[in-house]
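Scroll down for the structure; my scribbles are underneath it.
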Amino acid sequence: MQFVNFFPLLALVVISLAGKATVEAATGLNPPVKLVWHYYKLTNTCDDAETYIRYQVEKFYKNDSSIAPKLLRLLYSDCMVNGCDGSILLQGPNSERTAPQNRGLGGFVIIDKIKQVLESRCPGVVSCADILNLATRDAVHMAGAPSYPVFTGRRDGGTLNADAVDLPSPSISVDESLAYFKSKGLDVLDMTTLLGAHSMGKTHCSYVVDRLYNFKNTGKPDPTMNTTLVSQLRYLCPPRTQKGQTDPLVYLNPDSGSSNRFTSSYYSRVLSHNAVLRVDQELLNNDDSKEITQEFASGFEDFRKSFALAMSRMGSINVLTGTAGEIRRDCRVTNANDGA
């Protein structure tokens, strides 16, 4: 696959997306139902919903810029498991957020706050699934990403099923990663682009220690990791944590660090073998993802445009519309269990 002549077309694709009123939404992104741009304004049900959401995100972001990577991970964890139906927001003993892969998820507080505000203004109208998509868009835009169009009209799912969480380990190979993304209707460009979200945020040392001390049971670090990075991470991540000790956190992109800025430095780090997670470094082991990585490392605007398209595609996976699902009154519980 050749991408050399593809990237100049991304701007046209994003512009055409912004100019359309609807987008197909489901597995493979080709279903019989549709999402609508500015759904709540178009249907005259909550004209200022997106304005309310943006205002709350701005308030939170000014106090804590880490909400950008937190919301990105939260949205990914929602959309990639049974689609973008807000089910990751549900609480309960068997909810998706209790799955091991979702340990350390954040961003719930801001979603709950936004929902409270919208319920006071437009009760029973704006779905939690749409709130999560719109809030994520606004937060990452504040961090430096493009403000891509978010098509709305999603409804909320009501299934609590931790066993359904099939999010892969961050230590998988590029072939395994690509197979997972393809199973969700996404492609190698989407995968390489969405992994660029690791340009900000943190990860637990437990996801990195195998690369630092005993890669593939060799008793040695991952030979693809820059030796300086190995030393830096070993200082922060012990080979094992004792009972009762917390699992330390390290930055996914030390170049961004606490600023949580959306940049293309992630791709430069991959090329120089300074990726923290194996799944990121593995991008060089596939011809297509390597070519895309090289392009994004040298062309930030190409990355920004591709990110806008990939987020729109991910946000359209297996959505509920029409009479399917419900509009939750409280994002943490289904209406049947709300007690209101």
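Placed from the backbone N, Cα and C atoms, the Cβ positions cover glycine too.
Annotation comment: Swiss-Prot describes R73 as active site. Per Swiss-Prot, Ca(2+) 1 binding site is recorded for D78, V81, G83, D85, S87. The substrate binding site annotation in Swiss-Prot covers P168. According to Swiss-Prot, the disulfide bond annotation covers C46-C122, C79-C84, C128-C331, C205-C237, on the basis of sequence analysis. Taken from Swiss-Prot, the feature N-linked glycosylation site applies to N63, N226. Taken from Swiss-Prot, the feature signal peptide applies to 1-25, supported by sequence analysis.
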Under 8 Å by Cβ from S87 (Ca(2+) 1 binding site), same chain, sequence gap 6 or more: D78, V81, S95, E96, D156, G157, G158, T159, L160
Sorted by sequence, non-D78, V81, G83, D85, S87 residues with Cβ within 8 Å of centre, Ca(2+) 1: C79, M80, N82, C84, G86, I88, E96, A129, G157, N318
Cβ neighbour count (within 10 Å, all chains shown) around C84 (disulfide bond): 27
Least Cβ-crowded entry, counting other Cβ within 10 Å, from the recorded positions listed as V81, C122, C237: C122
The one of N63, N226 whose CB sees the fewest other CB atoms within 10 Å, among these glycosylation sites: N63
Winner by Cβ contact number (other Cβ atoms within 10 Å) across the disulfide-bonded residues C46, C79, C128, C205: C128
C-alpha spacing of C122 (disulfide bond) relative to C84 (disulfide bond), in angstrom: 22
Pairwise CA distance, D85 (Ca(2+) 1 binding site) versus N63 (N-linked glycosylation site), rounded so that it is a whole Å: 28
Nearest-integer angstrom distance between the alpha carbons (Cα) of the residue listed as 'active site' and C205 (disulfide bond): 17
Nonlocal residues around C331 (disulfide bond), in sequence order (Cβ under 8 Å, 6 or more apart): G86, L89, L90, I111, D112, K115, C128, I131, D156
